[in-house]
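Novice: Submitted below is the structure of interest, expressed as structure tokens.
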Amino acid sequence: MAGAGPTAVLSSGKKMPLLGLGTWQSKAEEVYNAVKVAIDAGYRHIDTAWVYKNEKEVGQAIKEKIAEGKIKREDVFVTTKLFTAFSRPEHVRECMMQSLADLGLDYVDLYLIHSPLCFKYGSNPFAHAGNPEEVYDEVDYVDTWKGMEPLVDEGLAKSIGVSNFNKQQLERLVQNCRIKPAVNQVELHPYLAQQDLVDFCKRNNVLLTAYSALGAPARPKVFASGEEDPVLMDDPSVVAIAKKYGKSAAQVLIRYQLDRGVSVIPKSVTPSRIQANFDIMNFSLSKEDLASLGQLDRKLRYVGANLFVKHKFFPF
């Protein structure tokens, strides 16, 4: 994967670029250009999801870059996710096929269960903010996983994994699967270091991917705590370390994840930021600076989804 930057070999044997472009909250008309800019800048990992409603534009941008000769299909690592209203095993393939059709691809490189939470088939849990229990489903995420495994057998997904699983849920899944989850994508940054989860994943050869690594400043209100959360990129320790290396706070926060062996998918639709977020290959943080950032942990979750706190599989 030329231009991809550092990569990791997953438990599936497939190679994954550790730095990717996140597309959560990226509007359809903006994400098309963002993906093209990212590929030109050297990104070879694009992360999307069924629920983001931007897979068509992501796929179109990739298709055009392939047509230009900038990349081949095998050069770009595409991740998408199973929506929580398709959690029953019999509906998993349906969601996968919708995503493949929208992306215009024959396969994805990584397919994730978006959350251990499960909701009634065809429902939109966010439309039930007043009483989300109405659309809760009882299906077990281990059973959902059993619907994921045949996608690998069919070649529709080269690797499969999970997102938003806590350590106990991941441990239970690892003990009850035929194909091991290759990745767990979670919120991760110095204010939410989750070192126990990082260590568990390393021991079990599950690659962690960090979302909201810059602190999710523009997250929707439904995910916020309701309080005025501190701005991670303004933290004096982060700012001081950035100054020391002649880098931005965002670049330090991205490098922090790579230096602790974690994949990271910063989101942006601004061309200059997309390029700057990739411009982190020419430095590494010292052990002292990594420790200093690790000491900022305050168990602060920017993307809490407390709306669903009564769900039996609520992970946070």
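Just so it is clear, glycine is given a Cβ too, placed from its N, Cα and C backbone atoms.
According to TrEMBL:
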- Y52: active site, proton donor (ACT_SITE)
- H114: substrate binding site (BINDING)
- 19-296: domain 'NADP-dependent oxidoreductase' (DOMAIN)
- K81: site 'Lowers pKa of active site Tyr' (SITE)
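How buried are the listed features, and what sits near them?
Specialist: The C-beta environment of Y52 (active site, proton donor), restricted to residues of the same chain at least 6 apart in sequence and closer than 8 Å, consists of T23, W24, Q25, S26.
Close to H114 (substrate binding site) in the fold, though at least 6 residues off in sequence, lie A49, W50, V51, K81, L82, F83, T84, S163, N164, each with a CB less than 8 Å from its CB.
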Novice: Count the Cβ atoms, other than its own, that fall within 10 Å of the Cβ of K81 (site 'Lowers pKa of active site Tyr'), considering every protein chain shown.
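Specialist: I count 25 other Cβ atoms within 10 Å of it.
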